[in-house]
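*Asks:* So TrEMBL lists these for the protein:
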BINDING   7, 65, 141, 142, 143, 144, 174, 175, 176, 196, 197  substrate binding site
BINDING   32, 34, 65, 174  divalent metal cation binding site
ACT_SITE  34  active site, proton acceptor
ACT_SITE  174  active site, proton donor
Ligand code: DX5
Ligand code: ZN
């Protein structure tokens with residue numbers, strides 16, 4: 001069974017605490033927090049204050065996905081704010097290795113994310129510094145985009161790389177995850193599924209949506 005990490009990007013921000021608690025009650029494993037700076041990606045979202053506000057509210061690990069340039073400048077503050085996992089993008093810093101070391105030194109789990117067009121080799125030489133390998137299955141910046149099919153094949157290759165070099169590293173898939181592709185993603189190697197619109201969007205309740213994702217992932 002994969003870990004399910006609802007992304008609050010698609011939550012109702014006027015009722016954020018309530019919706020995070022609903023996701024927790026419905027069995028979410030992590031809460032995924034998408035931080036965007038309007039520079040690395042064409043969107044601006046949230047920062048330290050949201051992580052700080054959620055920290056005392058939920059017992060779930062806060063999985064902070066930094067879509068910002070020079071993430072190494074902000075790693076320590078996100079950990080101090082309450083992040084349990086901090087993920088940086090390889091494309092956003094000339095100092096991937098240093099950024100990962102900073103995350104661990106600050107006391108959090110270190111994640112590295114790659115965009116859909118970035119070669120998977122980028123993971124290879126830092127596998128030993130990683131707790132989480134995040135495979136983007138859409139272009140980062142927005143919720144509710146369509147899953148890029150090629151990601152399935154990338155996921156299989158990433159799984160082989162991970163199994164060979166660092167079996168303890170978790171593989172997280174982010175973007176366009178829904179009940180329709182959850183089982184396939186698990187079969188091909190996903191350990192953590194991020195889902196925003198599939199959990200917080202649509203007419204059904206958060207509990208129903210998360211339940212549907214869990215059932216699909218288990219199939
Ligand atoms: C996209 C973010 C995702 C986003 C996923 O840049 O990294 O975490 O919330 O949204 P869905 O699940 O709607 O594709
Ligand atoms: Zn994300």
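Any Cβ shown, glycine's included, is placed from N, Cα and C.
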*Asks:* Around the divalent metal cation site formed by 32, 34, 65, 174, list the extra residues of the same chain whose Cβ is within 8 Å of the site's Cβ centroid.
*Replies:* 5, 7, 9, 33, 63, 64, 87, 134, 194, 196
*Asks:* Whose Cβ lies within 8 Å of the mean position of the Cβ atoms of 7, 65, 141, 142, 143, 144, 174, 175, 176, 196, 197, the substrate site, other than those residues?
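*Replies:* Other same-chain residues near the substrate site: 9, 10, 34, 138, 140, 145, 194.
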*Asks:* Cα-Cα, whole number of Å: residue 176 (substrate binding site) versus residue 65 (divalent metal cation binding site)?
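*Replies:* One finds 16 Å between the Cα atoms of these residues.
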*Asks:* Among all chains shown, work out which of the binding-site residues 141, 143, 176 has the most CB atoms within 10 A of its CB.
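*Replies:* Per the Cβ count within 10 Å, the most buried is 176.
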*Asks:* Less than 6 Å between Cβ and the nearest atom of ligand 2 is the rule; apply it to the binding-site residues 141, 143, 176, 197.
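*Replies:* Among 141, 143, 176, 197, near ligand 2: none.
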*Asks:* With H, G and I counted as helix, E and B as strand and the rest as coil, say where DSSP puts residue 65 (divalent metal cation binding site).
*Replies:* strand
*Asks:* These are the binding-site residues: 7, 197. Which one scores highest on other Cβ atoms within 10 Å?
*Replies:* 7
